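Report on the structure given below.
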């Protein structure tokens, strides 16, 4: 095993409680670096909605939480470079590499496998190299759960299953503007162009802005919903039209825009309101709906011509998800195969400056001071729980 520095034996981490909340834990064991893993010293972490929801779904004490991180590789398992070299775009890892990625936090099968800590044992498939010029906070905000989950929703079999050969072509091109997607005006949409329109509900979320970018790169025409104050934001990330989800006529406006021909919708929220609006916006012939949350059955039963699905990003680790309340899932080898091809592709797009980060808000001291980062994570998770974060990604610096 290659190692850069001597790691401590214990660390501070943010862990789950039996009551479905979070707490700071000191003296936690620093995970070892398995033969197919890399050990990363964490520099910054990003907070996601799933981070505050997971403790209630596992109802277990002492699981390290957190998904998205950026940091420095300090050790590499002897087989850690084998699997990435079998990917479509091969990569390798070495001590000292600056990386960003995702782990399956709050994981009953791997209690120490969470990002809200000082060190994390990471799956090399789910990592990307940090581009030159990016700081740790920007890298953590991109992480891996957002672009991975969104890509699986958009392009994965059984979900929207959109064609992304155009996106791959752009990644293979050395020119930053080699392929462009000039979306037509709605009044001039042909039938084929109408089938390229995709609704992204929640376009001002981190998942939303990522979806807008990926859709444009893949040659689709994204429309979205958000508050009017965020119309400029979503348009800057690629939306060709934005609709106010507060409006009683929102679904009607989208049906008019798409001439009742919308066939694909990505729901970044997955609640009753968002699902109902997506279903109402889809055209008379139905289509596909995919959510980043388990959608309500009361909505999915309303239209038989709509094929619904929902995605949990951790399925891309190829492991069983041991969760409560209907969220448990068996190991998904197809999702794992998708991840093997997707993460190297995403890395290339990031390094080519074709994908950019969501707006970042730094939470906690910067530069970090002692263990105050852990308290900052707890405060940030409460903000997410309260719904007080809008059009921004909370990022906490962990180490200088």
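Cβ coordinates are placed from backbone N, Cα and C, and glycine is handled just like the others.
Record features, source Swiss-Prot:
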BINDING   50-53, 204-207, 227-230, 245, 292-293, 389-390  NADP(+) binding site
BINDING   145, 146, 147, 148, 149, 150, 151, 152, 313, 314, 315, 316, 317  substrate binding site
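Fewest Cβ neighbours within 10 Å among the binding-site residues 228, 313: this applies to 228.
Between the CA atoms of residue 245 (NADP(+) binding site) and residue 315 (substrate binding site) there is a gap of 30 Å, rounded to the nearest whole number. Here the binding residues for substrate are 145, 146, 147, 148, 149, 150, 151, 152, 313, 314, 315, 316, 317. Their largest Cα to Cα distance works out to 15 Å. Straight-line distance linking the Cα atoms of residue 313 (substrate binding site) and residue 50 (NADP(+) binding site), rounded to a whole number, equals 10 Å. Within the set of binding-site residues (151, 206, 315, 389), the lowest number of other Cβ atoms found within 10 Å of a Cβ is recorded at 389. Long-range Cβ neighbours of residue 50 (NADP(+) binding site) (same chain, at least 6 residues apart, Cβ-Cβ under 8 Å): 67, 145, 313. The Cβ of residue 53 (NADP(+) binding site) lies under 8 Å from no Cβ of any same-chain residue at least six residues away in sequence.
Cβ packing within 10 Å was compared across the binding-site residues 245, 317, and the lowest neighbour count falls to 245. Most Cβ neighbours within 10 Å, among the binding-site residues 145, 149: 145 holds that distinction in the structure as shown. Residue 389 (NADP(+) binding site) is 28 Å away from residue 317 (substrate binding site) when you measure Cα to Cα. When the Cα atoms are compared, residue 315 (substrate binding site) and residue 206 (NADP(+) binding site) turn out to be 20 Å apart. In this structure, residue 389 (NADP(+) binding site) belongs to neither helix nor strand by DSSP; it is coil. Distance between Cα atoms for residue 389 (NADP(+) binding site) and residue 147 (substrate binding site): 19 Å, as a whole number.
Long-range Cβ neighbours of residue 147 (substrate binding site) (same chain, at least 6 residues apart, Cβ-Cβ under 8 Å): 210, 214, 346, 355.
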